[in-house]
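Residues or ranges marked as transmembrane segment in TrEMBL: 44-66, 73-97, 109-130, 208-232, 274-292, 312-336, 356-376, 388-408.
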């Protein structure tokens, strides 16, 4: 057994760097104890989520005071609604995750009533972090993960201290609240303020600041969705995203969300009442889709959900969870599919067909919305080159798809576990075995250079997925060779 002291790199992470080169090949399949003496990482995600929450809330409050002075009752009402709804849901989520209702913490509960829950939680996380580096504490649990390096998996286990576990709880809680803030508050808020800007034909500084903050919040929430989806699917592995992967996801999500919201707002300025129908169809479709699939499978709810709540509580929690899922998919790809029969309510299987259908349908929908806006646009756009704007929106959405493909092809931390990847799928579509070349002969498929696409993780047998045979490309020409060999043998026998 090899003991490794992790100084700068977190134990058991998925990376292309092999920290175990000194270990022999015979020891790679053993469970290795990793003693983690590294410093606990600062809670940057907690600080960022808290900063976005406070900045958006304060800016929206300033904008509401401006609307009140100008007697814009409609803008005022919707702005307050999109400001308070996510704030209330965030307080409930933090209270539920930290289980404060059964604990004697009156000050914390009072601050939650004042909508200051994220602030006090961020302060608690900072206190835990600064105290953790002053003294070395004994571990309270052992975490077992698989270290994946160069296609080989090494089971590992390492010690987790109390401070590290508390910080992990805070990080996970703020990731959930960032998603709630992004798609139940920031996304409709940005849509509203952009629509108000076009209708009033000017941009006050407070509204411009709110639009910028909400766009950052939505992009951050979408990136968190993608990261959470990877962590849930590959729960047996310690996943660590590289900076270039984050950059690729930020560009992908930013372009996708900006294009989608702009298309909706432009369409609403031309056909105001029809945009309500478009939004409701999207929400209802994605809201009832997981329920229809659940009823079609004739499944039963997981015991972990039913034992913690009453029937009414279970229905409320699942309805809110499904509403959040529908709101995410209305603006961008959620990166997960709901499965109410699973313990985590998330389907672990990577559904490439769902991904392709979603982006194909969304591209067609955006194209139709932009086209209808072009033909029914108002006189406000006389000084705007409408064809150029429409082409720019379609190009931006295409660039978002390009960066998404680049992420799954080169930046996904678990791409080595895929059986096929983006290159293989595109190659299969463009060069199918049934297609013939210009000379009437079948085209020979070039061997794939990838090691990576779809895989179902089975927690009980993770090592089978790491078999090098599983990463080899399929030889699609082998049946053709066997048939040609059989024909030659028949001719020889007849001769």
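Using the three backbone atoms N, Cα and C, a Cβ is placed for every residue, glycine included.
73-97 is the stretch from 73-97, 208-232, 312-336, 356-376 with the greatest number of Cβ pairs below 8 Å to the transmembrane segment (109-130). Of the two recorded stretches, the transmembrane segment (274-292) does not lie close to the transmembrane segment (208-232), with fewer than three CB pairs under 8 Å once pairs fewer than 6 apart in sequence are set aside. Ranked by Cβ pairs under 8 Å to the transmembrane segment (208-232), the stretches 44-66, 73-97, 388-408 are led by 44-66. Long-range contacts of the transmembrane segment (44-66) within its own chain (CB-CB distance under 8 A, at least 6 residues past either end) are made by residues 76, 79-80, 82-83, 87, 90, 115, 118-119, 121-122, 125-126, 170-171, 174-175, 177-178, 181, 185-186, 189, 193, 204, 206-207, 209-210, 213-214, 216-217, 220.
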